[in-house]
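So that you can see what the record holds, here are the features copied from TrEMBL:
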DOMAIN    403-575  domain 'Sodium/calcium exchanger membrane region'
DOMAIN    728-891  domain 'Sodium/calcium exchanger membrane region'
REPEAT    107-141  repeat 'PPR'
TRANSMEM  330-349  transmembrane segment
TRANSMEM  401-423  transmembrane segment
TRANSMEM  526-545  transmembrane segment
TRANSMEM  557-576  transmembrane segment
TRANSMEM  701-720  transmembrane segment
TRANSMEM  726-745  transmembrane segment
TRANSMEM  752-772  transmembrane segment
TRANSMEM  837-860  transmembrane segment
TRANSMEM  872-893  transmembrane segment
Amino acid sequence: MRVQAKLISSTHPTLNLSHPTIEPFVWNTLIRGAYVQSKAPHSNESPLRIFLRMRFHRVEPDFYTFPFLLQSFNSPSQLQSGQDMYAKCGSIDRARWVFNNLGPNKDVMAWSAMITGLAMHGHGKECLELFSEMKNSGVRPNAVTLLGVLCACVHGGLVNEGKEYFTRMNREFGIVPSIQHYGCMVDLYGRTGLIKEAWDVVHSMPMEPDVLVWGALLSGSRMHGDIGTCEVALNKLIELEPTNSGAYVLLSNVYAKVGKWKDARNMRDLMEVNGVRKVPGCSFIEVDGFIHEFFVGDESHPETKEIYLMLEEILDRLNMKGYADDTKEVPLFLLKALAGIVVVIHVFTHVKYEVYDAYDTNLMCFELPKMVKSIDGVSSTCESYLIFRGETGLGDGLRTFLYVVVLAYCFLGLSAITARFFLSMENVVKQTRAVVEIDPQTNAETVRHVKVWNYTIADITLLAFGTSFPQISLATIDAIRNIGNLYAGGLGPGTLVGSAAFDLFPIHAVCVVVPKAGELKKISDLGVWLVELFWSFWAYVWLYIILEVWTPKVVTLLEACLTVLQFGLLLIHAYAQDKRWPYLSLPLARTERPEDWVPAEATPYKQDDKSYNEYPEIFQAGKEDSRNIVDIFSIHSRNGTGPVYQILPCTDATESSGRDVFKKLVFEGDHVISIWKQQFLDALTLEDTESRKLKNKYSRVAKIFWQSLLAPWMILFAFVPPYQIAHGWIAFILSLTFISGIAYIVTKVTDLISCVTGINAYVLAFTALASGTSWPDLVASKIAAERQTTADSAIANITCSNSVNIYVGIGIPWLINTTYNFIAYREPLRIQNSAGLSFSLLIFFSTSVGCIAVLVFRRLTLGAELGGPRLWAWLTSVYLMLLWIIFVVVSSLKVSGII
């Protein structure tokens with residue numbers, strides 16, 4: 001009644017329009033009444049306003065709503081709304097008709113609505129022409145108008161025009177670009193492949209880029225294959241919307257597209273760690289006015305069978321027309337249906353469509369030489385290139401066994417080459433330089449040979465750096481190979497924390513039992529050891545600060561630089577303690593100074609007659625002076641057992657200049673060639689003198705088998721020249737090269753084990769990978785504990801290696817990645833699974849305190865850190881191994897999500 005009387009305004013108070021029981025017909029009546037009343041002069045009611053209130057109260061319009069609403073669009077302002085509606089719905093012709101009927105006095109809103117509608121639907125040329133017409137009519141554009149113009153340039157690929165309009169916004173029209181305008185420019189450059197220009201726009205924005213900007217950059221970089229930019233953009237999206245599963249899945253698919261299966265799996269693991277669930281993909285289709293929604297693998301529709309059969313027919317027809325699907329993005333996509341299943345299998349460069357029986361639930365796709373596994377929707381290939389072609393066709397159990405055998409054999413190779421590395425390093429450290437001293441009274445010249453290397457500096461650099469070289473080289477190579485990636489490479493902090501635990505616990509456990517029964521070996525320079533221990537612990541505190549306190553989960557260029565610089569501070573502080581600099585050293589006295597890495601009393605002079613006959617020149621030269629130091633590790637006889645001794649001059653004794661003749665005699669080229677030749681003969685000798693002396697034939701066969709097993713490694717390492725050449729530097733560098741090569745194979749085999757078995761990569765990093773890359777540390781520390789009278793080098797190697805792992809092994813790769821990311825993207829480096837890594841650091845701190853405590857206890861009670869009564873030594877060893885097991889088990893359970 002009130003509506004018919006045109007009293008719409010008095011109708012509202014009588015109705016509770018927000019009540020959920022108000023039906024659509026009530027609103028339709030109000031819209032109709034407002035339309036009737038709008039014909040009266042000075043009408044205050046608008047059908048469109050009532051419609052908007054209807055939508056505000058979440059009432060769905062019905063079949064009669066829009067006819068009433070459209071009838072009301074008879075005034076210019078109302079017609080403009082109808083024009084906007086047509087434009088947004090894609091009815092450009094109707095929108096243009098409405099626009100032309102608005103008359104000559106169109107306001108900026110009408111122009112903007114029409115320009116935006118044309119831009120949204122790909123009519124770029126018409127849009128720009130209309131914009132020129134708008135300017136000629138004297139209407140000043142606003143921010144919305146320019147946004148539509150830029151959108152037209154984006155959809156039309158008009159780079160020059162878009163750049164011109166964007167530049168003229170502020171200068172000509174006085175409009176300050178908003179984040180939407182910057183987003184259009186990023187989208188424009190990205191779509192046309194100008195990724196660098198898109199980055200320039202992002203960097204020049206006066207505000208922080210939002211989700212739309214990063215999404216535009218992602219779209220363009222993904223279209224043109226710029227994986228580095230994809231990573232940056234997607235990780236920014238994850239940072240802005242951490243619960244958005246689409247960003248994780250998209251980045252995982254980008255990794256899969258370029259074959260980075262490990263990174264793809266890591267993104268899925270990151271989703272689990274962050275508690276993000278993948279939203280099922282769905283599609284909408286309208287058929288005869290009804291909207292149908294389909295999820296991935298959906299079988300709920302009553303006509304599922306007919307739909308899948310029709311899908312198969314459509315795909316067959318596409319194939320007949322020569323259509324080739326892009327399968328790079330999803331290498332394996334498999335859909336099952338309970339009835340009339342259609343399977344679409346994408347295998348790299350070809351597509352197969354097959355129809356399987358409804359009851360075949362054990363469907364499997366298998367192709368050699370690649371075995372494909374699907375992990376949470378992401379496909380990965382456990383490719384192998386180590387043993388033989390087609391090994392991927394073997395069972396998982398057999399493959400795992402083969403890879404474990406290869407891993408153990410690599411450990412044997414690391415042990416063998418580390419021994420050669422240690423010998424070359426000893427020769428480098430023994431290098432001396434001649435210092436001429438003139439007596440002021442007699443003017444007599446005296447030549448004194450002093451060491452080039454400081455003992456403490458050699459421990460930190462040559463010994464620790466050399467034994468940690470597998471981790472350092474692999475991390476550096478991995479950083480260079482993945483340069484531009486937003487996340488740290490495979491050898492990240494997790495592996496190095498595991499290596500630190502292996503260095504601290506198992507290596508200490510081995511070194512404790514190395515000395516003979518009752519023999520004690522203690523740290524002679526306790527001050528230097530405490531300095532090295534402090535920097536070792538601070539390295540992991542610093543790592544925790546970077547990841548959790550200063551810049552959580554990311555690493556900046558400044559942090560990377562500070563990490564590397566701290567290695568220099570370690571060297572300076574340790575040298576200051578060694579030289580007892582005031583204010584920089586601890587007031588602790590040195591009990592004894594182990595100047596010689598292989599002291600004379602540790603290598604009694606022994607002569608083998610056969611060796612004498614093979615190298616008579618060396619022993620004839622040695623008869624001139626009985627004070628010469630004997631180096632038992634210089635030459636070996638052809639059978640590999642009898643030592644041949646090389647005479648070296650005393651390093652710290654005052655000598656006359658006539659001793660130079662003796663030195664030249666020892667290092668003649670013929671002797672070095674003979675030694676190098678002997679290395680190959682020893683490698684090819686399977687049964688040496690020791691084997692022939694064994695009376696038990698089983699022991700003899702076992703000895704021959706062992707030497708046969710090592711023969712390939714020994715032949716390969718025989719190419720390392722004798723360490724008498726160039727003071728051992730060539731042998732030192734080549735040994736490090738072999739160590740890096742073997743360690744690289746170790747990491748690849750570990751990746752295969754993780755892929756085949758499904759074991760978490762971090763668990764393998766804490767165990768197999770850390771053990772393999774730290775094997776040279778164990779061998780070097782064991783040799784040092786055996787050959788030296790003190791425990792300085794054996795224990796110092798452990799603490800120094802832990803410091804080098806962080807300051808150099810992590811610092812250098814971080815510096816490479818952060819520098820590139822800063823220059824290219826102005827973005828930091830991100831660390832995956834930082835929560836699990838932080839937990840591992842806490843466990844490492846807790847267990848390491850127990851390790852240091854038992855060493856201090858042994859020092860106070862037994863007077864030495866290594867050796868002592870066998871019972872105490874073995875109890876200490878077992879205790880340290882238990883600490884390592886606790887660290888590995890608890891950390892593995894945490895990163896696996898069990899605890």
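Every residue gets a Cβ built from N, Cα and C, even glycine.
In TrEMBL, annotation is done automatically, which means it is predicted and not curated.
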Reported mean pLDDT - the repeat 'PPR' (107-141): 78
Tertiary contacts of the transmembrane segment (526-545), as residues 6+ beyond its ends and Cβ separation under 8 Å: 456, 459-460, 493, 497, 500, 563, 566, 569-570, 573-574, 577-578, 585-586, 588, 590-591, 792, 795-796, 799-800, 802-803, 805-807, 810, 838, 841, 844-845, 848, 852
Contact check, the transmembrane segment (726-745) vs the transmembrane segment (401-423), 3+ Cβ pairs under 8 Å, seq sep 6+: yes
Helix, strand and coil counts within the repeat 'PPR' (107-141) (DSSP): 26 helix, 0 strand, 9 coil
